[in-house]
Amino acid sequence: MALGIGELFIGFNNGTVRCFDVESVTHKRTYCKPHYLLCDVAKGTSGDALLPTSHPANARYPDVRALCYNKKSGVMTAVYSDRSIYSWQQLAEGGAITKLSSQLFHVGAIFALEIYPSAYSFLPAGTFITCGADETVRIWNVDQRTKRFDQECTSPLPQTNVYSEELKKAIYLTDANSSLIEMPDKVLAPSSMDLTTGAKSLRISPDGQHLACGGRDGNLRIYDLTLPDTPMIAIYEAHEAEIMCLEYSDPQRSERYLLASGSRDRLVHLFDPRNGYLPLASVDDHTSTVNSIVFTSYADEFFLISCASDKVVVLRRMVESKPTEVRFERTNQVTSQFGLNNMVMSADGILAACQDRQLRTYSLQGKLVKQVRGATTDDGQLTKVRLDPSGTFAATVCSDRNVYVVEASTGECAAILSGQSDSVTDVAFSHDCRRLIVVSYSGCIFVWRLSNLLASKMNDRLKRMSASVVQVAATVGKANDRAETPDSLIGSGSDAASEEHRLVANKVGHF
C-alpha cells in the first residue's frame, strides 16, 4: 500500500493497482497492468502493446509487491514479483494514466554472459546476452537508447520497445511461467542455488548467427539469431547434469568447425554446426566437473583442451575427421596442486584461473610459462577469467565478490570493481574496450565504464596488432615475388614498456 493526498493505493495479485478515496473508501481508478508473463518484448513497438485487449485471453501478470507514491509529482512507482519496475502518472484529475518508465530484469541468479561480435549486424552494435535461473535468455543493449526507431537499422530486432530501454529480447526456454516470478517468501532472500532449472552457459558462434545455450537440466539448445523470433533450431539431451561450458572452434583458423559442451557429468560432447549440430563424439578424460573448453591450432594441428575440477588440464590432438565422426587423441596433460576453475587462450598459451588466486600460463607442451597474481586479496579463489580484445588486461572474478582488472603480463592490479551483494558469476569486456560488464547471483548486471587511460591502452594495442597483421601480409606478398634472403625474414619489435599507474574504473550503471 501507499498513501497519497487523500488517496490510498493498494496493489493486488495479477498486476492490479487500485486507488481509493481515504474518507469514503470508494474506488476512484485502476492503473494499467504491466507486461504479461511470457510476452515477447521485441514485439512491443507501439503503445497498444500495454493494452489488455492486445494480450492473450488467459494472460497472467506479475503480482504487485511494493508501491511508492510521490505526492509532489503524482508519480506512482510499482515493483512487481518478476522484479520489474513501472512508474505511472495520471496526466490530470480524471484524465488518462500514462507510463513514464519501465525496466525489466532477470528473476534470480544470472549464470552466463556473452558479448555479441561487433563484426556482424544480426544484432545491434554493443549487444550482450545473459542467461539465468529464470529459464530465460535475454538480449540487452545499453548503447542504442533512443525512442526513435531507426528505419535503416539492419538488425532483425527493433532498437527499442515500450517495455524497456535496455532489454531488446527475451527468449523463454519453456512455456511455463512459474520461474518468472518470485515467491513471497523468497523476495528478501532468493534461493537460486538449489534450483535445477534455468540456463547455465552460453556461447555465440564465430559467424554471429547461432547462440548455443547449455541448460541446468543437461539439455543443449541452439537458437538462430538472424531471425526476429530467434527460433530454436536444435535441441539435444546432451548431458545427465548441467552444462558448465560451451565452446565453438573458429572455422577460419581451425581444421574442423565444432561445438563442444562440458558438463558436471565429466563428459565433453562434440557437435557439427554445419550438419544440424549432429553429435560426433564424446570424450571421457576427466574424473570431475568440466569447467572450461578451448580449441586452438598449432603447427598445422588442431587441439581440444579442457580443464576440470580434478585439477587436470587435458590436451588432445585431432587425429581423424570424417563427416559423421571426429576423433581426438590425448597428447599431454597438466596436473596442478591447485584447482583450475577456468581457462582461456592467450598469446602466450593457456591462461588458467586457479584457486590460489594465481593466473598461470601453460604451453601446449604442458610446461608452466608464467605465473602472476590474479587478485590483491589473500582470501577466496578465482572462479573466472576473461581477456580484453587486445589481450592486455585480464578481468578475474574472485569469490570475495570483487572483480579485479590486472595486467596479463605482470599481474599488476589496475582496478578493483566491487558493489555486488552476491557472488559474481561472469564478466566480459565490450569490443570497443570501453566497458566491463559483470553479472552475479543477485540477478544484477553492472556495466562499468573503464577509464580513458585504460581504454586507450587496450585500443593502442589493438591498432599495433592490426598493423602487424598488415605488415606480415605485405611481407609474405613480397616474398612470393623474389627469392628468400636472410634480410627478408624480419621479426617484430617489442612493445613499449607499460606505465606505472593505477587505473580507475567508473561504474556507469547497473540494472
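Easy rule for this one: first residue shown is 1, then count along the chain.
Heads up, the Cβ atoms here are built off N, Cα and C, so glycines get one too.
Keep in mind it's a predicted model, so treat the numbers as computed, not measured.
Taken straight from TrEMBL:
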- 110-450: domain 'MABP1/WDR62 second WD40' (DOMAIN)
- 201-225: repeat 'WD' (REPEAT)
- 417-452: repeat 'WD' (REPEAT)
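Broken down with DSSP, the repeat 'WD' (201-225) shows 0 helix, 16 strand, 9 coil. For the repeat 'WD' (201-225), the residues of the chain that approach it from at least six positions outside its boundaries are 111-114, 116-117, 119-120, 122-123, 129-131, 133, 137, 171, 173, 195, 231-248, 250-252, 259, 261, 263, 265, 269, 271, 273, 277, judged by C-beta separation under 8 angstroms. Taken together, the residues of the repeat 'WD' (201-225) have an average pLDDT of 97. For the repeat 'WD' (417-452), DSSP puts the residue distribution at 1 helix, 18 strand, 17 coil.
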